[in-house]
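Asker: Below is the structure I would like to discuss, written out as structure tokens.
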Amino acid sequence: MYAIDLTGKHALVMGVANHRSLSWGIAQILHQAGARLCVTYAGERLKGMVEELAGGLPGVTLLECDVTRDETIDAVARRLTNDWGSLEMLVHGIAFARKEDLEGAFVATPREGFQSALDVSAFSLLNVTNRVLPLLEKGGGSIVTLSYLAAERAVPAYNVMGSAKAVLEQSVRQLAYELGPRNIRVNAISAGPVSTLAARGIRGFTDMLKKHAEKAPLKRNVTKEEVGKAALFLLSDLGSGVTGEVLYVDAGYSIMGW
Ligand code: NAP
């Protein structure tokens, strides 16, 4: 049997808002496998909630990181350089679009809303990777980001978030190509809908959950634990031959033709 033991490995997990966050599901699985964790949250507002969660995972380092502020990313990189000296796993579970840009007509998305969604949800993958690159190189790192089917299909109400996910998935391939020779792998998980804070910002999300479960071959929705297990595969040595991929963890929904 192949045991997954991440003892002595270091993981930076970004984008935990609360216990429902997909990043939190991944953090829990990595912790169970023995990894040392640094979990980041977007701002002061989330600090208390994330501290309470992290209380259940002894030894976790908690840091604030707002990806629109480069100095906060650099502060995380400095801290990990001092404390760890290498980084074997990076989880990017960050996305944002303004409420008004998810509610209105996509065609009327203003420049500011478009730029903001792409900055936080897609550019941040490159920017964070670049700022922790020396650590990832030492660790022979593996990166996982979180995408959604709206990257490649028209999904009602996803609007600019679909555009951001398309850019994110292309960035995964381009980064995988560029960083492969440095022994760094980059992959995405395209997750089916899970009820989280970000997902609930999408108009009609509850109805979508129901329809998704009806149509998916497994006749249900996925859980954050299932996303966590797929991330464990991609982040660990089990996925050593996989890079530049988008792995669907969606109960099979994406294979359906109608
Ligand atoms: P979530 O718990 O709300 O996580 C999204 C995280 O992104 C939050 O912690 C949010 O913080 C953070 N974020 C937003 N702006 C940020 C910034 N400037 N700097 C740093 N962090 C920032 O929701 P989630 O569903 O787990 O989302 C995680 C990822 O999974 C996202 O990329 C999402 O698109 C993707 N995904 C989700 C689903 C789903 O159905 N839930 C399906 C497929 C893919 P704030 O709360 O402060 O904004």
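All positions are counted from 1 along the displayed chain.
Glycine is no exception: its Cβ is also placed from the backbone N, Cα and C atoms.
Below are the features I grabbed from TrEMBL:
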type     : residues                                               : note
BINDING  : G15, D66, V67, I94, K165, V194, S195, T196, L197, A198 : NAD(+) binding site
BINDING  : A97                                                    : substrate binding site
ACT_SITE : Y148                                                   : active site, proton acceptor
ACT_SITE : Y158                                                   : active site, proton acceptor
Asker: Counting other Cβ atoms within 10 Å, pick out the least crowded of the active-site residues Y148, Y158.
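Answerer: Counting other Cβ atoms within 10 Å of each of the active-site residues Y148, Y158, the minimum falls on Y158.
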Asker: Listed recorded positions are V67, Y148, Y158, K165, S195, L197; which sit with C-beta under 6 angstroms of ligand 1?
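Answerer: With ligand 1 as the reference and 6 Å as the Cβ limit, the list reads V67, Y148, L197.
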Asker: Based on the record's binding annotation for NAD(+) (G15, D66, V67, I94, K165, V194, S195, T196, L197, A198), what whole-number value in Å is the widest Cα to Cα distance?
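Answerer: Farthest-apart Cα atoms in G15, D66, V67, I94, K165, V194, S195, T196, L197, A198 are separated by 23 Å.
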Asker: Taking Cα atoms as reference points, rank the recorded positions A97, Y148, Y158 by distance from V67 (NAD(+) binding site) and give the first.
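Answerer: Among A97, Y148, Y158, A97.
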Asker: Would you say which of the binding-site residues V67, A97 has the most Cβ atoms within 10 Å of its own Cβ?
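Answerer: By the 10 Å Cβ neighbour count, A97 comes out on top.
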Asker: Far apart in sequence but close in space: which same-chain residues, 6 or more away, have a Cβ under 8 Å from G15 (NAD(+) binding site)?
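Answerer: S21, L22, S23, T40, Y41, A42, V91, H92, G93, I94, A95 - these are the non-local Cβ neighbours of G15 (NAD(+) binding site), listed in sequence order.
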